[in-house]
Amino acid sequence: MGRLLEGFGVGVISYTVPVYIAEIAPQNMRGALGSVNQLSVTIGILLAYTLGMFVPWRILSVLGILPCSILIPGLFFIPESPRWLAKMGKIEDFESSLQVLRGFETDISAEVNEIKRSVASSRRRTTIRFAEIKHKRYSVPLMIGIGLLILQQLSGVNGIFFYAASIFKAAGLKNSNLATCGLGAVQVVATGITTWLTDKAGRRLLLIISATGMTISLLVVSVSFFVKDNIEEASHLHFVMSMLSLAGLVAFVLAFSLGMGAIPWIIMSEILPVNIKSLAGSTATLANWMTSWLITMTASLMLNWSNGGTFAIYAAVSMGTLLFVCLCVPETKGRTLEEIAFSFR
């Protein structure tokens, strides 16, 4: 029951946090602030890895109460999303919330007018019929949002992280728990770099670099395991292949964190039209977690079947991700949420 309730809470937060950040952030800081969400997640993962080496899992579970006890009272001091208030018709609250977020000395009239125009346009059809989803203004952003979040998980990242200790042991590393912590630290550093780069380099470019790096590194890991499993363990080549597979895993985590870790959530929160954001965003989040569950459930079976074969499949998915980004994903850097929504009409 505890796991079920925790899963429910994480499921809600994993969707509402990126959407809330996108709706309150200025357009020139939206990518960086959105990436901070994923950076916080990676820091939490690293803390869990590190503390897990020293304390029993029951104490580790209790320690999870601490950040919650800070978050709950803190939520009473943050303003409501101005765009949500505008959508609900609370115009006075909407303007005061936006003024608080932008600073009392800032002129918000242009942003207020743009949000009002967008809300007025969406109000003409506050609810949409299922048949209308096929229209370009809804179907394209929905396809991009769901596609990115599914492909993020199909790369096998959660399977690799959850079974990192077993993978490191298979690669020939004795202190696999320490190596797992190192992998978590690499993820934190790379996500921190993404936070700095997102509003400078753009989302699309980082996704292309990320998917390319993931494909190459997974291929290296796959080939290393195939070769290593077919040669004598005492040979020098076996040691070289073991080190190469470890380097490939680190490179994969680095490449994933540079783009595919944070940016799919950012883009999902940016491109969905306001009148389908709740339903479409929830659907995209559900698809992400269902795929994560599928990868987690099958990773151990696949690794027992073939280490090299498992990483070859993940590499093929990463290649598909690269093609999807190149063909379908637009650049959203430097555009307001209203401009992004209008571009799909």
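Using the three backbone atoms N, Cα and C, a Cβ is placed for every residue, glycine included.
Residues or ranges marked as domain 'Major facilitator superfamily (MFS) profile' in TrEMBL: 1-333. The transmembrane segment annotation in TrEMBL covers 6-25, 32-51, 57-78, 142-165, 177-198, 205-227, 239-267, 279-305, 311-329.
Between the transmembrane segment (177-198) and the transmembrane segment (239-267) there are at least 3 Cβ pairs closer than 8 Å, counting only pairs 6 or more residues apart in sequence, which means the two stretches are in contact. Counting same-chain residues at least six beyond the ends of the transmembrane segment (142-165), those with a Cβ under 8 angstroms from any Cβ of the stretch are 45, 133, 176-177, 179-180, 183, 207, 214, 218, 249, 252-253, 256, 260-261, 263-265, 267-268, 271-272, 276, 280-281, 283-285, 287-288, 291-292, 294-296, 298-300, 302-303, 310-311, 313-314, 317-318, 320-321, 324-325, 328-330. The average pLDDT computed over the domain 'Major facilitator superfamily (MFS) profile' (1-333) stands at 88. Beyond the ends of the transmembrane segment (57-78), by six or more residues, the same chain brings 2, 44, 48, 51 to within a C-beta distance below 8 angstroms of the stretch. Here the transmembrane segment (205-227) does not touch the transmembrane segment (6-25). Their Cβ atoms form fewer than 3 pairs under 8 Å, with each pair 6 or more residues apart.
Sequence-distant contacts of the transmembrane segment (239-267) (same chain, at least 6 residues past either end, Cβ-Cβ under 8 Å): 14, 18, 22, 30-31, 34-35, 37-39, 42, 144-145, 148-149, 151-152, 155, 157, 160, 164, 167-168, 171-173, 179, 182-183, 186-187, 190-191, 193-195, 197-198, 203, 206-214, 216-218, 220-221, 224-225, 227-228, 231, 321, 329, 332.
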